[in-house]
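**Q** Annotated transmembrane segment per TrEMBL: 20-45, 100-119, 125-142, 163-186, 213-232, 350-367, 373-392, 404-423, 443-464, 485-504, in sequence order. Per TrEMBL, domain 'Major facilitator superfamily (MFS) profile' is recorded for 24-508. Per TrEMBL, region 'Disordered' is recorded for 510-536. Among the features that TrEMBL reports, compositional bias 'Acidic residues' is placed at 514-524. Annotated compositional bias 'Polar residues' per TrEMBL: 527-536, in sequence order.
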């Protein structure tokens, strides 16, 4: 425990798991459900967008999004997310976590609806409107990353803090799963009502006019969970660490946490003033003191998240292309537009159900026993192993009898991404930086991750194209092929293992112990004793 630890912070650190912990997980987690749904649902409908707006009459194959359009549709939300992480991360440290938290949700609701209502007489108009709303949707989503992680870390006790933050992030798995389920329900419902032949049988009738409603309903559905969460987010009190250590309002911090914890907590105004004057609580992000104390930590969190997201997002956004390459999804011409949406959604739902979601919850179960460092190192290691196991004998996996094995191995890379660095890169930045810079540093780390996601999303789109120009998707140059792309991703995962060595282990320590806040010159600490439990 850090020297001069405030009683209100000590009360949070030693509190038993209570109902308010689970309430906070659900309130913050529903935001992450929406984040994942909105970011990944576009991969479910991008093939349909290509058919609706870019099919040429009489063409041998259904239309696909041109390279520049596919880049924009897939990447614009990620660009917005990167900007939102930096902006809202900084704003969360300046104005408070709670004040900024509601703004992000409002943006997500408005822009989810706006995406579905994208208008225009021509394809260019619809796509431009869609991209506009998806950029600002991503901007709102970006704010959810640093704010949700920071709020949960500052509410949690030190014994199970990792599991609580991981549980918030695990809702991302349910968001990906939810996207697949919504797409399955909507596409199958429309297909039953407006059944159409495959493109090869009847090019015109394979795309019912009602298909335009399908993608709009799928992208707009993300507004519902965000809207339902808004009221409860606004009811949450500001975190005690922000109120006491940054706003320096000891009375308000004590009053808020007395209600939450159902204990009586003394308002230590003199101690708050004394703590605020200590040198360890005054240096800024660009100071020598920060570079000395936390420079390598920030390098570790940014590089590992950057490398992880190159692999994670390229796999997630382009699952449909990989499944088509190995024959798990039939050729586009053998399906109608709605059948294609259904089969892409089915494949992604199965991957989410059997690997993505379980991986997140394995992290929740084991993170406070194994530690963040061990889980992250292990995850990167197995992702590297499975990527090379897929890539090196790639021809073997493309043979029809072996396709199920390919999907199983591919699923394991997702399992160890989520029971590994995809969770820990989110958790650790919320634990190892000072309160006054916590949201900012988490936003910087997350933005580095989204930069990796943009590299993965744009790079893999081109890299995974066939080496033979005649076999590439329309408008794309020849690439290095899926096999070589998987080898590159394996090498990236190996680099992630190496940079993990820069990341400290926060397991079982208070936030103030990890950050060095309130330490005296000798580094000795003392236990605060200003909490007295009273009957409620």
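If you go along the chain as it appears here, the first residue is 1 and each next one adds 1.
Glycine too: its Cβ is placed from the backbone N, Cα and C atoms.
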**Q** Six or more residues beyond either end and a Cβ under 8 Å away: which residues meet both conditions relative to the transmembrane segment (373-392)?
**A** 304, 308, 311, 363, 366-367, 406, 409-410, 412-413, 416-417, 419-425, 428, 483-484, 486-487, 489-490, 493-494, 496-497, 500, 503-505
**Q** So which residues does the transmembrane segment (163-186) touch in its own chain, when a touch means Cβ under 8 Å and the partner is 6 or more beyond its ends?
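**A** Sequence-remote neighbours of the transmembrane segment (163-186) are 21, 24-25, 28-38, 40-41, 44-45, 148-149, 152-153, 155-156, 214, 217-218, 221, 316, 341-342, 344-346, 348-349, 352-353, 356-357, 359-361, 363-365, 367-368, 418, 423, 426-427, 430-431.
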**Q** Report, as numbers and ranges, every residue of the chain located at least six residues beyond the transmembrane segment (125-142) whose Cβ falls under 8 Å of a Cβ in that stretch; write 'none' if there are none.
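**A** Same-chain contacts beyond the ends: 34-35, 38-39, 42, 49, 53, 69, 72-73, 76-88, 103-108, 110-112, 114-115, 118-119, 443, 446-447, 450.
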**Q** Mind checking which residues reach the transmembrane segment (404-423)? Cβ under 8 Å, same chain, six or more beyond either end.
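**A** Same-chain contacts beyond the flanks: 166, 169-170, 173, 304-305, 308, 311-312, 315, 322-323, 326, 328, 351, 354-360, 362-363, 366-367, 375-376, 378-380, 382-383, 386-387, 389-390, 397-398, 496, 500.
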